[in-house]
């Protein structure tokens, strides 16, 4: 038995969106920006990651839960550490060039500005919570975490400045 021929009116046509094309797994090359880590913003991001890791590991290695203020410091340190690693991956792999719909200069400015403000508050809370009579066993770790929190704050302030310059030059054009 032969099957009857289908008419052409039942043919389905599919199209791909530009969004799907940007994330196609058949891309010909993997973009990698080796020079980014040699720029000042790239070096600041690496410093933020290393120093931020020190902040939260120095606190996490103690009995920080006995001092509620360290919960805030841990939240800020871990939250921005994870996001900074995420942004480093985006910058190194040049993912921002594949997703032009996102205003990356504005995202960078908001991220770095919020990190600066929240890290500044966390560093102040960290420093004000460190007292030798409170718990002498954890004093050195908490004091060191406070020092590194202020260094990370300075790094985020620098990246906020560079993000502002990039954002302003983009909005003027």
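Cβ coordinates are placed from backbone N, Cα and C, and glycine is handled just like the others.
TrEMBL annotations:
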DOMAIN    36-168  domain 'MARVEL'
TRANSMEM  40-59  transmembrane segment
TRANSMEM  71-92  transmembrane segment
TRANSMEM  104-125  transmembrane segment
TRANSMEM  145-167  transmembrane segment
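Among residues of the same chain six or more beyond the transmembrane segment (145-167), those with a C-beta under 8 A of the stretch's C-beta atoms are 40-41, 44-45, 47-48, 51-52, 54-56, 58-59, 73, 77, 80, 105-106, 108-109, 111-113, 115-116, 119-120, 122-123, 126-127, 130. With a threshold of 8 Å between CB atoms, the same-chain residues lying at least 6 positions outside the transmembrane segment (104-125) that come near it are 48, 69, 72-73, 76-77, 80, 83-84, 87, 96, 146, 149-150, 152-153, 156-157, 159-160, 163-164, 166-167, 170. The predicted model assigns the domain 'MARVEL' (36-168) a mean pLDDT of 94.
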